[in-house]
């Protein structure tokens, strides 16, 4: 499935859960698209790939559609996540409830600061980064989030690769050189803001 | 300039500054592409748009190229940013030094929690969200970052629009309905992770 389709399915799911909390039972594709940037035709096409969930002329049953998308995205399995870098951003990510809604559970913490190693946060002990390989191999953790400074980012990435990590969400503002077959996405918040603000300087 | 070009320019800049810190004076387009996901031809094409910065067969002068890209992206002007939602993520963003490297300065803070309003953090007073319109209009701030919960996100977006904000970087995990002409990007960290982890469930 293309990356963009997965993203839209995740966005539908987020909206549908929001609607379910508000006790909405049925939703039309038109109404659903008001919650994401996509056309009703796109919504119908995306959902058509996975069988017939809708009632023509009425809409989709919210709860049923939630269960179907959860199953498609594989959210029924719990997925353990390692977090490397327990600074301000790391602590914010640890406290972020959004990950749990997608079945992710941050369950291993690493830092290289001797003052932090051995301390507990949210019931989890912060381990030394030198133990990444040992701990993640033993616990078969395949997903990692890194928030380490740029200067340490490549070294941490190398450790994660050696530990068998397959998926990295990287917040370090630095390009990481990783082997093929490992999936990485770097979120550089300053660059995201720059991409928006450029238009402010040049258009307004 | 297309969004993707701006993003690559910002990535070049990030790498060039890193190289400058390491006292690298000249870099080839081949070497520069090792720092981002782009071909040497793409690098040469991007930089060719802005005149001749390179010495053929040798490379680009790092410092000169930094100055040129900073000028193209408009980084020489300081850009004030409002931050709405001073929770864990908001505090982490406030402490994040990456924004300053791109000329952004978070200089107005807002929250709706009476226990936070009036308190100071990083030398800035946290204002009540009901004052967004008054404060931002007076100070002519056009860029905002929001980290408020999904349930408050639309209300805050409406206030920001009324205050004359033109650019919003939104971390609230919710779709925001905003008028045309206002530029918004929503970073939903759980959905970013889901997009990567999907491949783990289905490929490995």
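Each position is counted from 1, following the chain as shown.
Cβ coordinates are placed from backbone N, Cα and C, and glycine is handled just like the others.
Cβ atoms under 8 Å from those of the DNA-binding region (A:11-50) belong to residues 5, 58-63, 65-66, 68-70, 72-73, 75, 101 of the same chain, restricted to positions at least 6 beyond its ends. The DNA-binding region feature in TrEMBL is assigned to A:11-50.
For A:85, A:86, A:87, A:88, A:89, A:90, the entry in TrEMBL reads NAD(+) binding site. The secondary structure of residue A:85 (NAD(+) binding site), as reduced to three states from DSSP, is coil rather than helix or strand.
Broken down with DSSP, the domain 'CoA-binding' (A:75-175) shows 36 helix, 29 strand, 36 coil. The domain 'CoA-binding' feature in TrEMBL is assigned to A:75-175.
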- Message: Take the binding-site residues A:85, A:86, A:88, A:89 and keep those with a Cβ under 8 Å from any chain B Cβ; what remains?
- Response: A:88, A:89
- Tell me which residues of the chain lie with their Cβ under 8 angstroms from that of residue A:85 (NAD(+) binding site), as long as they are six or more apart in sequence? A:110, A:111, A:146, A:147, A:148, A:149, A:156, A:171, A:172
- Densest Cβ neighbourhood among A:87, A:90 (binding-site residues), 10 Å radius: A:90
- How does the model score the DNA-binding region (A:11-50) in terms of mean pLDDT? 84
